[in-house]
Each structure stands twice: as structure tokens, then as C-alpha cells.
Amino acid sequence: MSSGRTVPTRSHGLGKEGVSTTGASQVEFGDPELTARINDAMVQVEELLHTELSSGEDFLVDIVMHLTRAGGKRFRPMFALLASEFGEKPLSENVIKAAVVVEITHLATLYHDDVMDEASMRRGVPSANARWDNSVAILAGDILLAHASGLMSQLGTDTVAHFAETFGELVTGQMRETVGPRDTDPIEHYTNVIREKTGVLIASAGYLGAMHAGAAPEHIDALKNFGAAVGMIFQIVDDIIDIFSETHESGKTPGTDLREGVFTLPVLYALREDTPVGAELRDILTGPLEDDETVNHVLELLSQSGGRQAALDEVYRYMDIANAELDRLPDSTVKEALRNLATFTVKRVG
Ligand code: GRG
């Protein structure tokens with residue numbers, strides 16, 4: 001379950017007062033007016049992110065700005081902005097704040113996740129634990145949560161309560177992954193982990209964006225559920241790519257998860273297959289894979305299995321859920337943009 005992702009079309013630039021908008025994806029939404037509106041609001045997100053995270057002692061600022069400046073897709077704040085378009089106050093000051101809260105929380109999880117995974121790179125730069133050390137990276141995640149909490153308190157107790165739940169689910173997902181499936185079915189375990197680790201925060205972006213724009217309760221609910229489904233698609237697709245893409249297509253070495261002993265959905269389906277390939281995989285896959293030859297052999301076995309197709313079927317099932325949630329929203333160019341966003345995520349694996 002590696003967390004690098006491919007990027008929608010975007011360009012980089014500098015926002016007002018020289019604030020770097022490196023992370024602000026200049027995404028094309030198929031409607032020039034909407035595109036301009038969202039991209040302008042993304043510059044505001046970037047400015048607030050920069051202002052908020054630049055406050056405090058220099059030694060803290062340097063470290064929290066390390067991954068902030070390194071970019072990332074800014075997918076979550078952008079989704080919060082799009083969700084706000086369904087309310088009476090789209091892209092309002094509180095919507096921008098909510099979008100920043102979500103991105104800062106996401107950043108905090110990345111600092112902590114990299115410590116747990118002993119990751120050496122993140123967003124194309126050395127991870128904080130690699131550049132400094134584990135203690136520094138953990139404390140950077142903690143100070144980010146302090147920043148997020150400060151902004152949240154300005155948004156009111158509903159937002160604070162929502163975030164208490166979101167934090168709880170994020171940590172539960174990480175803990176669930178750490179303790180492993182134990183007596184649970186491994187596929188159910190995997191599904192719970194990715195829902196909690198990835199789906200919950202994307203759902204939160206939709207919820208908070210729509211809520212702070214004053215959207216109707218049923219529309220807030222639809223955007224939250226759409227976000228949760230997109231999170232599942234996002235993660236399963238990434239896990240499929242980790243196994244079945246050539247390095248030149250994904251920019252990553254295939255089988256990273258396998259090397260780390262993390263068995264993602266295509267592998268779990270292949271492992272339960274009642275075929276010679278399934279039996280051989282069950283013999284080999286008892287822990288992390290050490291050497292390239294074994295990884296390559298397992299990748300070959302996986303390509304002969306039905307694991308990829310079974311995982312893809314799950315992706316399409318979540319795509320249906322995402323589309324059904326969109327159907328609960330009034331027709332608009334924003335709704336079509338969200339539909340395209342979900343389709344784009346799936347197209348990465350055909
Ligand atoms: C600090 C509240 C808190 C929680 C700690 C570490 C942890 C519990 C949870 C980990 C959650 C996690 C890292 C999930 C992976 C999510 C994911 C899909 C990351 C990659 O997202 P992208 O591709 O990254 O959007 P960019 O870099 O583009 O922002």
C-alpha cells in the first residue's frame with residue numbers, strides 16, 4: 001500500500017507575494033469559468049497553508065515546510081473546494097480554511113507514516129525521518145496537528161467534533177494495519193484499513209467543503225460518501241499499479257509492497273485462488289520478499305492469476321457507488337468534473 005500517486009495535468013507557478021503554489025494543481029475541469037475559479041481558490045489555499053505553517057520557531061518551520069514545499073497533488077483541498085460549489089457560499093473563507101485543515105492533517109499523517117514505513121523518499125524528496133531522524137519527523141507530524149487544531153477551532157465545534165472522529169479513524173486504520181488481520185478475513189481487513197487510512201480523509205474533504213459552504217444535508221452526505229468511494233478507488237488502483245506496472249509507466253519499482261511484506265488486494269485474491277498458481281503463491285508468500293529473483297517470480301505468478309481482474313472488479317464496484325452518490329447531486333459542470341475525476345483515477349489501470 002505504497003502512497004505515491006500519478007498526477008493529473010497541472011502546471012506550477014507562483015502565487016501572490018511570491019508564495020510558492022508548487023502544490024496548487026492547475027487542473028483543467030472542462031469548464032473555463034470553473035477552472036479559473038477553483039485554481040484561484042487553490043492559490044488562496046496555498047497562501048493560507050504557507051502563512052499558517054510559517055508561524056513558530058524557525059527550526060519547526062523548516063521541518064514542516066520541507067514536505068509542504070515538496071508539493072503533492074493537493075487532491076484533498078481541491079476536492080473540498082469542488083464540494084463547496086454545491087453550497088450557497090462556495091469557496092468562502094471558511095471553505096478555504098477547511099481545505100487547509102484537511103491538507104495539514106494529510107501532511108501530518110505522511111510524516112508519521114514515513115517513520116512507521118522507514119520510508120526514505122516522499123513527494124520526490126528525502127522523507128523527514130531520512131533527512132533528520134524519527135523523533136524530528138514524529139514531532140513535525142504533531143506540530144502539524146497543532147496547526148490543524150488551531151484552524152479547526154476557528155471553524156466551530158461541529159468541525160472539531162468531525163475531526164475528532166476523523167483522527168480516530170485514521171489512527172485506527174494505521175493501528176489495524178500494524179497489528180495485522182489476526183482472526184479477520186484478510187480481504188475484509190485490507191478493506192477496513194484502506195477505508196480508514198485513505199477513504200476517511202477524502203470523505204472528510206467533501207464533507208467539510210460542502211458543510212462550510214452551507215450545502216443541504218443530503219448533498220453534504222453524498223459528497224462525503226463520494227469522497228469515501230473515490231478514496232477506495234484511489235488506493236486499490238495504486239495497489240494494482242504497484243504490482244502490474246512496468247517501472248517506466250509508474251516511475252516506481254514494481255512489487256514494492258511485496259518486498260515489504262504488505263499483501264494488497266490483487267495479491268489477497270490471488271492467494272485465495274484454488275489453482276496451482278494460488279498454491280505456489282501460498283507457499284512463497286509467508287513474509288517480506290528479500291531477493292529480486294523471488295519478487296520477479298511472484299510478479300509473474302500474479303500476472304497468471306485472477307488477482308488483477310478481481311481487484312479491478314472491486315474498483316468498478318466503488319466506481320458505481322461513487323456515481324450513485326453523484327446522482328444525488330443537482331446537475332452541474334462541477335458534478336461532471338467530479339465524475340471525470342473518478343474516471344481519471346480508474347483509467348490509470350485501464
Ligand atoms: C497523524 C492523525 C495522524 C494519524 C497517524 C500515520 C497515520 C496515523 C495514518 C496514515 C494514513 C496514510 C499515510 C494513508 C495513506 C494515504 C495516502 C493515499 C497517501 C498518499 O496520498 P497522495 O497520493 O499524496 O494524495 P500527495 O503527496 O499527492 O499529497
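Yeah, the Cβs are placed from backbone N, Cα and C, and that goes for glycine too.
Using a 10 Å Cβ-Cβ cutoff, D117 (Ca(2+) 1 binding site) registers 16 neighbours. What TrEMBL lists as Ca(2+) 1 binding site is D113, D117.
Its Cβ taken as reference, E300 (Ca(2+) 2 binding site) is surrounded by 11 other Cβ atoms within 10 Å in the chains shown. Summarising the annotation, TrEMBL assigns Ca(2+) 2 binding site to E300, S303.
The region 'Disordered' feature in TrEMBL is assigned to 1-27.
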Candidates near ligand 1 among the binding-site residues D113, D117, E300, S303, judged by a Cβ under 6 angstroms: D113
Inter-residue Cα distance where the pair is S303 (Ca(2+) 2 binding site) and D117 (Ca(2+) 1 binding site), in Å: 26
Greatest C-beta neighbour count within 10 angstroms, which of the binding-site residues D113, S303: D113
Spatial separation of D113 (Ca(2+) 1 binding site) from S303 (Ca(2+) 2 binding site) - C-alpha basis, Å: 29
Conformational class of E300 (Ca(2+) 2 binding site) under the three-state DSSP mapping: helix
